[in-house]
Amino acid sequence: MAISDSLDSSSIGGATTATTTMSDSDRNLSLRKSQRPAAIRDANDVAELDNSATAVEASTESANSIARNGKMIGNGDNHAAGLDIKFAYRPSVPAHRRIKESPLSSDAIFKQSHAGLFNLCIVVLVAVNSRLIIENLMKYGWLIKTGFWFSSKSLSDWPLLMCCLTLPLFPLSAFLVEKLAQRNCLSDPVVVLLHVIITTAAILYPVFVILRCNSAFLSGVTLMLFACIVWLKLVSYAHTNYDMRALANSADKGDASSSSVNVDCSYDVSFKSLVYFMVAPTLCYQTSYPRTASVRKGWVVRQFVKLIIFTGVMGFIIEQYINPIVRNSQHPLKGNLLYAIERVLKLSVPNLYVWLCMFYCFFHLWLNILAELLRFGDREFYKDWWNAKTVEEYWRMWNMPVHKWMVRHIYFPCLRHGIPKGAALLIAFTVSAIFHELCIAVPCHIFKFWAFIGIMFQVPLVLITNYLQNRFRNSM
């Protein structure tokens, strides 16, 4: 349908509505075009049109808005707006100006946002899983029992509680050792020996308490996680102070190499720094950390609400889906192979949901809450592990506090002592596998080394995926 060349106030109604937002330069361009023939005469006009493509598109969108509303501001702007519409809709204006890819083509799919598709996937997941939840409740009823996680026996489980409350004694002992070393009351070999004793006791003491007590699973896992965190922090505290003490001694002796290193050579043992480090969401000790200006109280409350909701979802999935499947299944190595595969595949989806909830609750919600309360600035607790191309990239990005600790206190020290990269990587995975086994086997009182084998199995996967990535580097 053609648009009339003249628009007056009677046909528009004179109502004050949205009008075009063209600048004076755009109007001058339109007026200059009104003095030309409708067709573009030469290549200069084509070049000018290409250079002003953005302005023409803006004018076209403005004209579309006016055509839809059928209104615009009256008075002296009516004539100029009419000219804008008149020349924006000329048939000679090119509709195709540059080379463009389809949004879903392989060259353009990663260059734009896919928020709409993401929201669609969320809607589909919520709908599908809501149906599965309703179907499960109608078929099996409410299966959640709290005895596995927290029972009345746990309230009287004082050994685990007392063990958790006495864990701060080990950091205090490490501080006293470092203070004596700072005053030159202890030699370096003695300091290293004392730190080895303290860190070993910090991990063996909770293991002994849990194995002697018939505690609930959640209580045992919580205590073992606290013990492992304390052990990692104590190793970092001892190792970092040892290095700072060595740098300070080298600086006192006038060693030029120590002054060229981009680190602070000052060696100061501060109890305040130790206390902040023990509660901060990091495993790597340093005397000072980047800090934020203030605490956002409303933001903390919102994150706490999310933490409660997703923790409940995680417990619901475990009790309603995972535990019944495990109880009703045979041993995977003693029954029918096809039946075992079917059980594993049936467990894969709820296990995936639990793992995602755990990751979101701990690495995003809890660590950010703790960082906000302590004004801890560096909140890179994870990277985009969902974009990892190899298993090595995944382990490097999904748990940044542990990754930074491994790199700082195991991997690079091994390289500095002449150990090959492959052997250093194997040592790092071995340490990780040992602590995974402790956190699972000790609370369950079952030592089958499943967690240890699962982590060590990642080593050949690292080699295989690295080879495939190097082999098919140009492939999606």
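Cβ coordinates come from backbone N, Cα and C, glycine included.
Automatic prediction, not curation, is the source of TrEMBL annotations.
There are 17 other Cβ atoms within 10 Å of the Cβ belonging to H436 (active site). As annotated by TrEMBL, active site applies to H436.
The compositional bias 'Low complexity' annotation in TrEMBL covers 1-23.
What TrEMBL records for 1-37 is region 'Disordered'.
According to TrEMBL, the transmembrane segment annotation covers 115-134 (among others).
With a threshold of 8 Å between CB atoms, the same-chain residues lying at least 6 positions outside the transmembrane segment (158-177) that come near it are 186, 191, 194-195, 198-199, 201-202, 205-206, 209-210, 212-213, 215, 219-220, 222-223, 226-227, 230, 233-234, 237-238, 269, 271, 274, 278. Taken from TrEMBL, the feature transmembrane segment applies to 158-177 (among others).
If you look at the transmembrane segment (189-211), the same-chain residues 6 or more away from its ends with a CB under 8 A from one of its CBs are 159-160, 163-164, 167, 170, 173-174, 177-178, 180-181, 220, 223-224, 226-228, 230-231, 234-235, 238, 242, 438, 442-443, 445. According to TrEMBL, the feature transmembrane segment maps to 189-211 (among others).
Summarising the annotation, TrEMBL assigns transmembrane segment to 217-235 (among others).
TrEMBL lists 304-322 (among others) with the feature transmembrane segment. Within its own chain, the transmembrane segment (304-322) has Cβ neighbours under 8 Å at 133, 136-137, 140, 142-145, 148-149, 347, 350-351, 353-354, 357-358, 360-361, 365-366, 369, counting only residues six or more beyond its boundaries.
Annotation source TrEMBL lists transmembrane segment at 352-374 (among others).
Annotated transmembrane segment per TrEMBL: 423-443 (among others), in sequence order.
Residues or ranges marked as transmembrane segment in TrEMBL: 449-468 (among others).
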Highest-contact recorded stretch vs the transmembrane segment (449-468), from 115-134, 217-235, 352-374, 423-443, CB pairs under 8 Å: 423-443
Tertiary contacts of the transmembrane segment (115-134), as residues 6+ beyond its ends and Cβ separation under 8 Å: 320
